[in-house]
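Taken from Swiss-Prot, the feature disulfide bond covers 5-45, 7-35, 28-46.
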């Protein structure tokens with residue numbers, strides 16, 4: 001498992017929205033894509 005994060009497609013805020021991304025510290029692994037244009041502060045918010 002990983003730490004969930006808010007993708008741009010999930011909505012504007014974490015409140016009441018599903019967090020469909022996972023934070024990866026070293027960039028998105030193969031087969032995943034960055035799903036958040038700005039942030040998170042540490043790592044990348046990636047989605048399969």
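Heads up, the Cβ atoms here are built off N, Cα and C, so glycines get one too.
Overlay of Swiss-Prot feature records on the structure.
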| residue | record | Cβ within 10 Å |
| --- | --- | --- |
| 5 | disulfide bond | 22 |
| 7 | disulfide bond | 21 |
| 28 | disulfide bond | 18 |
| 35 | disulfide bond | 20 |
| 45 | disulfide bond | 25 |
| 46 | disulfide bond | 21 |
Alpha-carbon spacing, residue 46 (disulfide bond) to residue 7 (disulfide bond), which is rounded to whole Å: 8
Using Cα positions only, nearest of the disulfide-bonded residues to residue 35 (disulfide bond) (5, 28, 45): 45
Coarse DSSP state, helix versus strand versus coil, of residue 46 (disulfide bond): strand
Separation of alpha carbons, residue 7 (disulfide bond) and residue 45 (disulfide bond) (Å): 7
Alpha-carbon distance [residue 28 (disulfide bond); residue 5 (disulfide bond)] in Å: 13
Euclidean distance between Cα atoms of residue 28 (disulfide bond) and residue 7 (disulfide bond), Å: 13
